[in-house]
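To start, the structure itself, in structure tokens.
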Amino acid sequence: MKVAVVGATGLVGSEILTVLAERNFPVTALIPVASERSKGKEIEFKGNKYKVVTPAEAIALHPDVALFSAGGETSTEYAPQFAEAGITVVDNSSAWRMDPTKKLVVPEVNGEVLSAADKIIANPNCSTIQMVVVLQPLHAKYKIKRVVVSTYQSVTGTGVKAVNQLMDERAGKDGEKAYPYQIDLNVIPHIDVFQDNGYTKEEMKMIKETNKIMGDDSIRVTATTVRIPVMGGHSEAVNIEFENDFDLAEVRQLLGEQEGVIVIDDPANLQYPMPKDAHGKDEVLVGRIRRDESQDKTLNLWVVADNLRKGAATNAVQIAELLLKKGLI
Ligand SMILES: NC(=O)c1ccc[n+]([C@@H]2O[C@H](COP(=O)([O-])OP(=O)(O)OC[C@H]3O[C@@H](n4cnc5c(N)ncnc54)[C@H](OP(=O)(O)O)[C@@H]3O)[C@@H](O)[C@H]2O)c1
């Protein structure tokens, strides 16, 4: 496979390169792509050095698949041009996620929707991916009525600039700001832009994308998304109301059997998932599994994952693996 990584110099792009190498994706030629600013810069992959090219140059090199993580504008402009040239695009931005003609895929949840007609495939929002992987087996068994989620999101979700802001603040240095406020020693209840309904775009992504991926608009979702000064991954407190009652032991068993999920739930021994444990891992970690005692048929969970891995790079590479397995690339 000739593989283009668009945004190869960014946080998600670098993680895509790591994941491609770790999972031994059959890369015969790598095409690292970034903006004019990075043109000619060298990127190392599996011991070899490759020169960064621009998106237009990459199309001319005709890769089999292109993994995009270069922001919405780049995806809106270039993904159709790649697709037009017969190159299958897996896109990490939010540009195509809610387009009814594009599939929004988490392989463990709805991988079966992929077909030969899909030339631009959308990778969901990081917070949504880690939540639906956990919701899926529970919905299949007990039918979800409503989900209330509050997130505790890592600065790595905003990109290189945000990581630099946190590090500068810790070092007492001035520098470029990714957030409107100090993030170190603070919590910012604001991710992406505010909408007319008072929610942020990130919150609306979690709501709409969950319905689309799970193929069920009857699931009601409400979200509060919050940025915290953490590096390892995103955490979520998830409250789920079901149609049918559940057994806690069975819930643990179902989650334990779910592909891509690890249950860490032993409060007596202080075992629960934390972002520092999720960092660098492909799996979604779940713990603090308990009944919501204020309401029938309702469950509380704590869900943690590395937003740059399963929340972005790993999921995109898994989509490419699935396309390959199905003979679609
Ligand atoms: N971080 C996450 O957890 C996460 C999760 C899911 C999805 N995403 C999405 O992934 C994308 C990238 O996020 P990130 O955190 O990796 O950001 P980042 O660290 O700021 O990296 C951005 C990348 O995009 C490239 N780029 C910017 N403008 C470009 C252009 N006009 N043409 C070609 N390349 C261009 C940059 O190249 P230069 O180095 O040349 O500027 C860089 O490689 C965003 O769409 C984001 O929404 C991020």
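The first residue you see is number 1, and the count goes up from there.
Each Cβ is built from the backbone N, Cα and C atoms, and glycine gets one as well.
The domain 'Semialdehyde dehydrogenase NAD-binding' annotation in TrEMBL covers 2-117.
Cβ environment of R37 (NADP(+) binding site): no same-chain residue six or more positions apart lies under 8 Å away. Secondary structure at R37 (NADP(+) binding site), as computed by DSSP, is helix. Per TrEMBL, the feature NADP(+) binding site maps to T9, G10, L11, V12, R37, S38, N307.
Annotated phosphate binding site per TrEMBL: R97, in sequence order. Under 8 Å, Cβ to Cβ, and six or more positions away along its own chain, R97 (phosphate binding site) finds L104, A122, P124, N125, K205, E209, K212. R97 (phosphate binding site) falls within neither a helix nor a strand when secondary structure is assigned with DSSP, and so counts as coil.
Marked as active site, acyl-thioester intermediate by TrEMBL: C126. DSSP classifies C126 (active site, acyl-thioester intermediate) as helix under the three-state reduction. Sequence-distant contacts (6 or more apart, same chain, Cβ under 8 Å) of C126 (active site, acyl-thioester intermediate) comprise Q153, G157, H234, A305, N307, L308, G311, A312.
When secondary structure is read from DSSP and collapsed to three states, R227 (substrate binding site) falls in the strand class. For Q153, R227, the entry in TrEMBL reads substrate binding site.
TrEMBL lists H234 with the feature active site, proton acceptor. In the shown protein chains, 29 other C-beta atoms lie within 10 A of the C-beta of H234 (active site, proton acceptor).
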By a 10 Å Cβ neighbour count, the lowest-scoring of the binding-site residues S38, Q153, N307 is S38
Close in space but at least six residues away in sequence, with Cβ under 8 Å from that of G10 (NADP(+) binding site), the same-chain residues are A34, S69, A70, G159, V160
Cα-Cα, S38 (NADP(+) binding site) versus R227 (substrate binding site), nearest Å, comes out at 29
What remains of the binding-site residues L11, R37, R97, Q153 after requiring a CB under 6 angstroms from ligand 1 is L11, R37
Helix, strand and coil residue totals from DSSP for the domain 'Semialdehyde dehydrogenase NAD-binding' (2-117) stand at 42 helix, 28 strand, 46 coil
